[in-house]
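Asks: Features from TrEMBL:
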BINDING   Gly108, Thr109, Asn110, Gly111, Lys112, Thr113, Thr114  ATP binding site
BINDING   Arg383, Asp407, Asn408, Pro409, Arg410, Gly457, Glu461  meso-2,6-diaminopimelate binding site
DOMAIN    22-93  domain 'Mur ligase N-terminal catalytic'
DOMAIN    106-311  domain 'Mur ligase central'
DOMAIN    334-459  domain 'Mur ligase C-terminal'
MOD_RES   Lys217  N6-carboxylysine
MOTIF     407-410  motif 'Meso-diaminopimelate recognition motif'
Amino acid sequence: MKLHTLLKFLHPLVPYKGDNPEITAIHNDNRLVEPGSLFICIKGHTVDGHDFAQSAVEKGAAAILAERKLQLDVPVIVVNDTYRAMAVLADAFYGQPSRKLHLVGITGTNGKTTTSHLIEKIFSDAGQKTGLIGTIYTKIGNQTFETKNTTPESLRLQKTFKQMIDSGVETAVMEVSSHALVYGRVHGCDYNVAVFTNLTQDHLDYHKTMDEYRRAKSLLFSQLGNTFSHDKPKFAVLNADDPASREYIQSTAAHVVTYGIDQPADIKAANLKIAANGTVFDLITPHGVEKISMKLIGKFSVYNVLASIGACLVSGISLKQMIKSIEEVEGVPGRFELVNEGQDFAVIVDYAHTPDSLENVLKTIKQFAERNIYVVVGCGGDRDRTKRPLMAKIACQYATHPIFTSDNPRNEDPLQIIRDMEEGVKGKQYKPIVDRKEAIYYAINNAQKGDVILIAGKGHETYQQIGSEVFDFDDRVVAKEAIERR
Ligand SMILES: Nc1ncnc2c1ncn2[C@@H]1O[C@H](COP(=O)(O)OP(=O)(O)O)[C@@H](O)[C@H]1O
Ligand SMILES: [Mg+2]
């Protein structure tokens, strides 16, 4: 694409009239620059991309997009905000790929990964070629790719959409984090359906207040646009039981479909029966009432299923088709995943790493546990500190044997993180074991017949980050080993 053509998408007040090289790629990482690239200088938290413009030119960059004038041998286009401009250019360069997809975005504190997997499965079972972008991986058809962020930044995101289009994907489902919304990583994404799961405390290190956090999530709904398109109708699928939905209804001009258990809603669940091996409930929809019997466990799983049904129903999938998929689904890696080596106690690995998700999982366990409940739990370093005492409190409230350990301590002292947790449980019974492997072994070696052990916080993760080092660590593998050695 010619530079002039590309820049038109920015609609500058004064059109750029300089040299007009062919742009063959766009990069904001100078290490990736190849001849013909447009290099975008982004001022980051730790590094300033402007410092790498010269190096990009030396590697053959054909043009530079910057926030100030730079003396270089190639055209330098100056804009006020290169990060914002990057989303526009990424969308334009890859041929506005999200317009050609049936795109479903999911936001909320908990349940994004699970809900996106459910929705993807339903579409795929219905015979569509699907794509998925989220925490565990990016998936195009049956191929998976590793991801760094739950929601990638605009360049990678639009490139992924383009790859999806090229490989015949019809429906793409993506998790949309609040960070991505605030930074504008998803600017330009033409969603058909935006789904809201729930809003509870998390990421207050970044958003400061719940008001700010709620507003961040509302962006997904306001960004559905203000037009009524008959060809590409827009839908907001909202959780009627979460008070934030009232605000999100106001944020959007899209058609609203609600789901819930407690409050009136378009799609409802009733008569929930929660057990250790699955959940049964009545699904009440405008198409009638159906009995669902699924392997997913807990009330929170029912919410994820209702959200998925809402998103698929507005996308034209039949209820019958959806129910078949839901009843079949085994679960999502690291979400209430059972480690079963034939032992006579239950071991559950779950990604719960927020107060609310920990509480939901423990509440669910309490509903079927017959004897003691062990919970092995820690809190991540370099992240929201306010949730530490809250998570400790919840652990002590529901578990008979809470064990506080390390999650990913990152650059914090793991012992200090445990001290922060302890602030919430003065005088309560718990056991601090800094080493996560030791903590898991302790629980497994002490558990007796009929007990339940929850290993919380890391779910599908296969590493542990201590300091700046990343070690191999998989709760499921460690638990399996410990059971075998017992
Ligand atoms: N709808 C929900 N409400 C509350 N907690 C949930 C819900 N869905 C999942 N969880 C809990 O949160 C954890 C993370 O779930 P996940 O689907 O990965 O959400 P996210 O992608 O939003 O982080 C799960 O392991 C489970 O403990
Ligand atoms: Mg996720």
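Note that Cβ sites are derived from N, Cα and C of the backbone, with glycine treated the same way.
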Asks: Filter the recorded positions Lys217, Pro409, Gly457 down to the ones within 10 angstroms of Thr109 (ATP binding site), Cα to Cα, kept in sequence order.
Replies: Lys217
Asks: Average the per-residue pLDDT over the domain 'Mur ligase central' (106-311) and send me the rounded value.
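Replies: Across the residues of the domain 'Mur ligase central' (106-311) the model's pLDDT averages 94 on the 0 to 100 scale.
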Asks: Near ligand 1, which of the binding-site residues show up if the criterion is a Cβ under 6 Å from one of its atoms? Options: Thr113, Thr114, Arg410.
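Replies: The qualifying binding-site residues are Thr113, Thr114.
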Asks: Which one of these binding-site residues has the most other Cβ atoms within 10 Å of its own Cβ: Gly108, Gly111, Pro409, Gly457?
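Replies: The largest 10 Å Cβ neighbour count belongs to Gly457.
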Asks: Output: those recorded positions from Gly108, Lys217, Gly457, Glu461 whose CB lies less than 6 Å from an atom of ligand 2, in sequence order; none if no residue fits.
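Replies: None, by Cβ distance under 6 Å.
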Asks: Between the Cα atoms of Asn408 (meso-2,6-diaminopimelate binding site) and Gly108 (ATP binding site), find the distance and write it as a whole number of Å.
Replies: 22
Asks: Could you check what DSSP calls Arg410 (meso-2,6-diaminopimelate binding site) once collapsed to helix, strand or coil?
Replies: strand
Asks: Give residue numbers and ranges for long-range contacts of the motif 'Meso-diaminopimelate recognition motif' (407-410): same chain, 6 or more residues beyond its ends, CB-CB under 8 A.
Replies: 353, 377-383, 417, 436, 457-458, 461, 464-468
Asks: Of Lys217, Arg410, which of the recorded positions has the most Cβ neighbours inside 10 Å?
Replies: Lys217
Asks: DSSP three-state call for Gly108 (ATP binding site): helix, strand or coil?
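Replies: Reduced to three states, the DSSP call for Gly108 (ATP binding site) is coil.
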Asks: Nearest by CA distance to Thr114 (ATP binding site): which of the binding-site residues is it, out of Asp407, Arg410, Glu461?
Replies: Glu461
